[in-house]
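One structure below.
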Amino acid sequence: MFSSIEEVIQDIKEGKMIVLVDDEDRENEGDVIIAAEKAGPEAINFMATHAKGLICMPIIGERLDELEIHDMVTENTDNHETAFTVTVDYRGTTTGISAFERAATVKALIDSVSKPSDFRKPGHIFPLRYREGGVLRRAGHTEGSIDLTRLAGLYPAAVICEVMNEDGTMARLPQLLEFARQHNLKLASIADLIEYRRRKEKLVVRVTDAQLPTMYGDFVAVAYESLLDNKGHIALVKGEWEEDEPILVRVHSECLTGDVFGSRRCDCGEQLETAMSMIASEGKGVLLYMRQEGRGIGLLNKIKAYKLQDNGRDTVEANLELGFPADLRDYGIGAQILVDLGVRKMRLMTNNPKKIRGLEGYGLEVVERVAIEMPHKPENTRYLRTKKEKMGHLLASL
């Protein structure tokens, strides 16, 4: 259904248009996209005639600031925070609306000799400010189009236009598939672009390390920072190992209530203690402590979820009622940390099959699943049963 990101990058590099589709949980829309430096009047006319949506120009903020093109509003209340700026026309145009004159404005916006006085405001080109970090920060067409131009080695700007149906409604995936087929355009998804970038780019940096004596023995605490959200993650490392040696690993998501306060609503604290004890007994291994509180929803939202559970929802229902998926965690950052530590094969301490799939999806090999099942208690039996029945956790005692 979707072309590979490699194929799409090649088309962008060659000056061809593609269709980029976002997630069905977001807008579920498709935009025709072309690199700005490849966008001539023919491409603009195609968008106006066949795509029929609003023709916009994603571009990096640095260039917008150089040209003194400011945001359209000071307080953005758009549902998806689409970062429109004041519209512009190149001063060398007349009305600015024709395909030829819009193409001229696009070219002027990326021309290094252009200066702020070369543009009239308002105009007929709608610049969109790119959020640095791209689709890894915001999964929108603005970021997706710029990421593709950068991956193609072109100037970080694009021209995009939403695809509308003949009846004026927005084209969804079935119609977008037909549109792409009819016009011989490759179709790509932002989800695939996110996955591509996560696989190809290093998204964590090692900050420092220090000795950490614990009640379970001596570890080395290695601190990492994610380049996606600036969160810090900690790996507790014990011993040394050969490159191909399967290492005992626990990827543990932060749980303040369980790990620190000893909450009996979950089994997280006991799992943390058990994992550290097992690694210490083994003499080598890694405990990776990820800042993914509440399966990724954060501490305050987790307490809100607890309140909903007090009122009868289970842990999955509570997340959904708050507007979150059952599990927001992504294992790409954790996988990159493990690779940086020299882990290639692991004996993974987990009850969660999704965690195994998530880590293996980034090239790590899980040679064995080591169960880390704690005795359930009256306060957490329902929670654990929900994880087994609705999330597929492997819990033999329930």
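Yeah, the Cβs are placed from backbone N, Cα and C, and that goes for glycine too.
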Site-mate of ARG250, VAL251, HIS252, SER253, GLU254, GLU293, GLY294, ARG295, THR315, THR350, LYS355 for GTP in Swiss-Prot, selected among GLN211, GLN271:
GLN271
Need one number: mean pLDDT over the region 'DHBP synthase' (1-199).
94
Using the alpha carbons only, what distance in Å do you get between ARG329 (active site, nucleophile) and GLU162 (D-ribulose 5-phosphate binding site) once rounded?
30
Three-state secondary structure of CYS266 (Zn(2+) binding site) from DSSP?
coil
Highest Cβ count within 10 Å among the recorded positions HIS252, ARG329: which residue is it?
HIS252
Might you list, by sequence position, any residue in that chain lying six or more from GLU162 (D-ribulose 5-phosphate binding site) with a Cβ less than 8 Å away from its Cβ?
GLU29, GLY30, ASP31, ALA51, LYS52, GLY53, LEU54, MET170
